[in-house]
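Below is one structure; the comments refer to it alone.
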Amino acid sequence: MRPLLRGPAGNDDEESSDSTPLLPGARQTEAAPVCCSARYNLAILAFCGFFVLYALRVNLSVALVDMVDSNTTLTDNRTSKECAEHSAPIKVHHNHTGKKYKWDAETQGWILGSFFYGYIVTQIPGGYIASRVGGKLLLGLGILGTSVFTLFTPLAADLGVVTLVVLRALEGLGEGVTFPAMHAMWSSWAPPLERSKLLTISYAGAQLGTVISLPLSGIICYYMNWTYVFYLFGIVGIVWFILWMWIVSDTPETHKTISHYEKEYIVSSLKNQLSSQKVVPWGSILKSLPLWAIVVAHFSYNWSFYTLLTLLPTYMKEILRFNVQENGFLSALPYFGCWLCMILCGQAADYLRVKWNFSTISVRRIFSLVGMVGPAVFLVAAGFIGCDYSLAVAFLTISTTLGGFASSGFSINHLDIAPSYAGILLGITNTFATIPGMTGPIIAKSLTPDNTIREWQTVFCIAAAINVFGAIFFTLFAKGEVQSWALSDHHGHRN
């Protein structure tokens, strides 16, 4: 039997509605079929879009190794001798046709970090624009712009470091609008009892993009040269943009091929949750404690996420001393686990709500706790098992995999508390959550001057502590119902 959607709730206050599951006495509407539906087509295309997005984001970190003259970085070699080198280096035919640049470690840091300085700027504007004109064009142009800029990366590198830094910042500007725009679109497309499934499918593309692009970029660098890394992913992004603009619509009402039944199902499920206000209630938004609960959780989660995303290959190489081929595969493995976990958790979260009558806030709290405390435990464990290579890789993989639970927790709570302003809210939380990407790796580098296991234990413990704090704060102050300021009639509504 297909899942049922609860109908409109009464005008209970927010406190009571926060813990109320599906109402047995409420009018229920049968869910539209999943197969060949417009909403799941949107989720799949969004999945492909975020796959491309993260491939465009992380490909430079791999290509940079091949772009830099190895003689420039010999003095920066900080490989630890605490752990034995457990495998002989593998000699692979290497194509040397790509140009080399004499960039020291500091210059490379600026090149890699410049992305976030653009990324942080367009978060809130992206959410606001998407709430006004729709997310389809904004998200499409964001990925298209990033793809085009990526094609010019080899030229920018030839023109100099400053040009390349500016180009990467421009790519960040383009990518900065994408997540808020996607959230804004789902506010019109995702029925409340399918939010976890639909959003985790779409955003899981980011994890798989990381999994595929890391080793693929390395293969391209070895057997062709680094310039083709940017050409390949740039062209794929342009092809995706054409499909996106052709197939997708901003709302069910404007979709050309959606069935009448599916359109009615989506519209009726959201009719009591969306606001008709023309003015954004900025004051109420910024004073909302449930929003700040998401901000703290998002910031805390991203601290460990970005620390591992940027430094895991370094830890694998300099502490565990894996060779470059093993490093590429093992660094991607945790993100495959996270991708799989996100997909399964989206299904599980909505199943708990529909079949077991779990309230929205209960589901969000449970999945946030598992997705933040679990990774913290295994991250600390990875730092304290020394040179046990198998356990180190296993613990780091489990840590990142468990982070996938959070995708059905705080990550989509914006749509629970204010669906009409979900893009703006995500822009706000992602602005704060980008700060760890700018500062976390720098702090981690400063804490590991001698590159010892004890120093890395400190890095992992700090990340774990921040994760646990964020999980506790979210559990205490998060809400699961639409807030009164997010409704035009200012009456809270059960979600």
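Just so it is clear, glycine is given a Cβ too, placed from its N, Cα and C backbone atoms.
Copied over from Swiss-Prot:
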| type | residues | note |
| --- | --- | --- |
| TOPO_DOM | 1-41 | topological domain 'Cytoplasmic' |
| REGION | 1-25 | region 'Disordered' |
| TRANSMEM | 42-62 | transmembrane segment |
| TOPO_DOM | 63-109 | topological domain 'Lumenal' |
| CARBOHYD | ASN71 | N-linked glycosylation site |
| CARBOHYD | ASN77 | N-linked glycosylation site |
| CARBOHYD | ASN95 | N-linked glycosylation site |
| TRANSMEM | 110-130 | transmembrane segment |
| TOPO_DOM | 131-136 | topological domain 'Cytoplasmic' |
| TRANSMEM | 137-157 | transmembrane segment |
| TRANSMEM | 159-179 | transmembrane segment |
| TOPO_DOM | 180-200 | topological domain 'Cytoplasmic' |
| TRANSMEM | 201-221 | transmembrane segment |
| TOPO_DOM | 222-227 | topological domain 'Lumenal' |
| TRANSMEM | 228-248 | transmembrane segment |
| TOPO_DOM | 249-278 | topological domain 'Cytoplasmic' |
| TRANSMEM | 279-299 | transmembrane segment |
| TOPO_DOM | 300-328 | topological domain 'Lumenal' |
| TRANSMEM | 329-349 | transmembrane segment |
| TOPO_DOM | 350-365 | topological domain 'Cytoplasmic' |
| TRANSMEM | 366-386 | transmembrane segment |
| TOPO_DOM | 387-391 | topological domain 'Lumenal' |
| TRANSMEM | 392-412 | transmembrane segment |
| TOPO_DOM | 413-423 | topological domain 'Cytoplasmic' |
| TRANSMEM | 424-444 | transmembrane segment |
| TOPO_DOM | 445-457 | topological domain 'Lumenal' |
| TRANSMEM | 458-478 | transmembrane segment |
| TOPO_DOM | 479-495 | topological domain 'Cytoplasmic' |
### Query
How about the transmembrane segment (329-349) and the transmembrane segment (137-157): do they have 3 or more C-beta pairs under 8 A, pairs 6 or more apart in sequence?
no
### Message
Can you tell me which recorded stretch out of 159-179, 201-221, 424-444, 458-478 has the most Cβ pairs within less than 8 Å of the transmembrane segment (366-386)?
### Response
458-478
### Message
DSSP on the topological domain 'Cytoplasmic' (180-200): how many residues come out helix, how many strand, how many coil?
### Response
19 helix, 0 strand, 2 coil
### Message
Checking distant contacts: for the transmembrane segment (392-412), what same-chain residues at least six beyond its ends satisfy Cβ-Cβ under 8 A?
### Response
195-196, 199-200, 203-204, 207, 293-294, 297-298, 301, 304-305, 308, 312, 320, 330, 333-335, 337-342, 344-346, 348-349, 363-372, 374-379, 381-382, 385, 474, 478
#### Entry: Residue distribution over DSSP helix, strand and coil in the topological domain 'Lumenal' (300-328)
24 helix, 0 strand, 5 coil
### Task
Provide the three-state DSSP residue tally for the topological domain 'Lumenal' (387-391): helix first, then strand, then coil.
3 helix, 0 strand, 2 coil
### Task
Quick one: find which recorded stretch in 137-157, 279-299, 424-444 has the most Cβ pairs under 8 Å with the transmembrane segment (458-478).
279-299
## Note on the structure
Among 42-62, 137-157, 228-248, 279-299, 424-444, the stretch with the most Cβ pairs under 8 Å to the transmembrane segment (201-221) is 42-62
### Query
What is the number of residues in the topological domain 'Lumenal' (222-227) that are helix, strand and coil, as DSSP sees it?
3 helix, 0 strand, 3 coil
### the topological domain 'Lumenal' (445-457), counted residue by residue under DSSP: helix, strand, coil
8 helix, 0 strand, 5 coil
### Query
What counts of helix, strand and coil residues does DSSP assign across the topological domain 'Cytoplasmic' (350-365)?
12 helix, 0 strand, 4 coil
